[in-house]
Ligand SMILES: Nc1ncnc2c1ncn2[C@@H]1O[C@H](COP(=O)(O)OP(=O)(O)O)[C@@H](O)[C@H]1O
Ligand SMILES: CC(=O)OP(=O)(O)O
Ligand SMILES: [Mg+2]
């Protein structure tokens with residue numbers, strides 16, 4: 001039996017789980033949120049007991065110290081929890097890492113070299129690896145967000161800029177949230193409704209055309225054919241593509257030069273686009289729950305922010321229908337995609353021409369299972385689904401594959 005500790009550091013949170021990847025049995029699950037902000041918080045569930053606390057979390061080192069103290073509190077000190085391996089989410093693997101990788105000093109150095117390509121994420125991932133290796137003398141495995149997209153077709157990964165400069169600076173579209181896109185698309189592909197549809201049409205699984213919308217704080221879309229990525233919305237960095245909590249997604253690159261000529265520094269523009277834009281920049285709220293409450297109360301800026309968010313999503317679904325030659329399954333996942341039914345109906349409304357529909361009762365019902373939320377008008381109709389992502393389980397499974405159990 002293996003017991004894996006998974007550390008999933010996002011741009012402002014640390015999610016963690018202690019689990020057995022073979023049985024899927026989760027012993028401890030927790031999240032430290034709003035790291036580096038004025039007021040942080042932690043929520044942990046272990047053996048049916050929930051701990052919820054407001055705590056100051058100045059940085060990732062402190063987030064990990066909190067994790068250590070909470071493990072002790074529930075009677076499983078880290079050193080005695082029977083941990084056989086640690087799986088670390090690492091956001092940027094560049095062109096160096098395309099597989100889950102056993103961590104050693106060289107791997108740490110290579111992840112550090114990639115910091116300029118993911119300044120919001122890789123430093124946090126590295127802190128997790130460094131602190132983890134100090135405390136736990138077991139194999140540590142890095143699982144990269146970029147790995148699933150390593151073999152994107154060249155036509156999707158290539159930016160139309162000078163080839164020599166692109167090669168020299170490793171400028172290409174890498175794609176992120178790959179662990180989630182891979183996991184969610186494989187769960188959707190295995191769903192009975194999808195299997196039934198393929199069988200009714202006499203098709204093999206390698207012809208299945210999926211669009212996955214991972215809508216969390218960071219957000220990305222992918223076009224997947226037969227389990228292989230054909231395109232994705234994030235690029236060199238996790239800034240491109242959809243409108244996100246604090247990131248702009250697609251903009252005219254000319255905006256950057258315009259702002260810099262107007263007196264902003266490169267650093268200022270970077271902060272603007274990564275941390276002060278997206279839903280936050282448009283409405284003052286990055287959190288979808290707060291934003292929707294604001295919009296419902298009649299706030300014009302919040303309403304426009306939601307419309308811009310939905311407009312961008314519909315554009316990407318349409319674009320990926322073109323990339324794939326049609327859509328068999330459109331899947332929503334992550335915090336917003338799993339929970340915000342008005343966002344799902346808002347996206348699908350206006351995509352009727354692709355045959356996509358929403359069944360209001362199914363869409364508004366709650367469940368932790370993968371499910372169909374489109375109108376069941378015949379086995380051959382395209383499906384709209386909600387599939388809860390589980391990056392931690394996927395990372396734990398890959399960690400065990402690398403360490404051999
Ligand atoms: N019940 C809900 N309704 C609407 N939005 C929700 C709900 N629960 C969570 N969210 C949104 O999900 C987002 C966070 O998603 P998550 O996948 O946890 O993000 P990340 O992993 O990028 O930190 C936030 O915008 C939050 O408001
Ligand atoms: C890559 C990325 O955007 O990650 P997150 O959504 O965790 O910020
Ligand atoms: Mg996430």
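Easy rule for this one: first residue shown is 1, then count along the chain.
Glycine is no exception: its Cβ is also placed from the backbone N, Cα and C atoms.
Going by TrEMBL, these are the annotated features:
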- 8, 391: Mg(2+) binding site (BINDING)
- 15, 214, 215, 216, 217, 218, 287, 288, 289, 335, 336, 337, 338, 339: ATP binding site (BINDING)
- 89: substrate binding site (BINDING)
- 145: active site, proton donor/acceptor (ACT_SITE)
- 177: site 'Transition state stabilizer' (SITE)
- 247: site 'Transition state stabilizer' (SITE)
Residue 8 (Mg(2+) binding site): nearby recorded positions from 177, 217, 247, 287, 338, Cα cut-off 10 Å: none
From 215, 247, 287, 289, 338: recorded positions whose CA lies within 10 A of residue 391 (Mg(2+) binding site): none
Cβ neighbours of residue 336 (ATP binding site) where a neighbour is any other Cβ within 10 Å: 25
DSSP three-state assignment (helix, strand or coil) for residue 289 (ATP binding site): helix
Separation of alpha carbons, residue 247 (site 'Transition state stabilizer') and residue 289 (ATP binding site) (Å): 17
Cβ atoms near residue 217 (ATP binding site) (within 10 Å, other residues, all chains): 20
Recorded positions compared (8, 247, 289) - highest count of Cβ atoms within 10 Å: 247
Neighbourhood of ligand 1 - recorded positions from 247, 336, 338, 391 with Cβ under 6 Å: 336
Residue 177 (site 'Transition state stabilizer') CB neighbourhood, other CB atoms within 10 A: 30
Most distant Cα pair in Å, residues 15, 214, 215, 216, 217, 218, 287, 288, 289, 335, 336, 337, 338, 339 binding ATP: 19
Cβ neighbours within the same chain of residue 145 (active site, proton donor/acceptor) - under 8 Å, at least six residues apart: 89, 90, 91, 92, 93, 175, 176, 177, 178, 179
Neighbour tally for residue 15 (ATP binding site), based on other Cβ positions within 10 Å of its Cβ: 17
Rounded distance in angstrom between the Cα atoms of residue 247 (site 'Transition state stabilizer') and residue 215 (ATP binding site): 13
All-chain count of other Cβ atoms within 10 Å of residue 391 (Mg(2+) binding site): 26
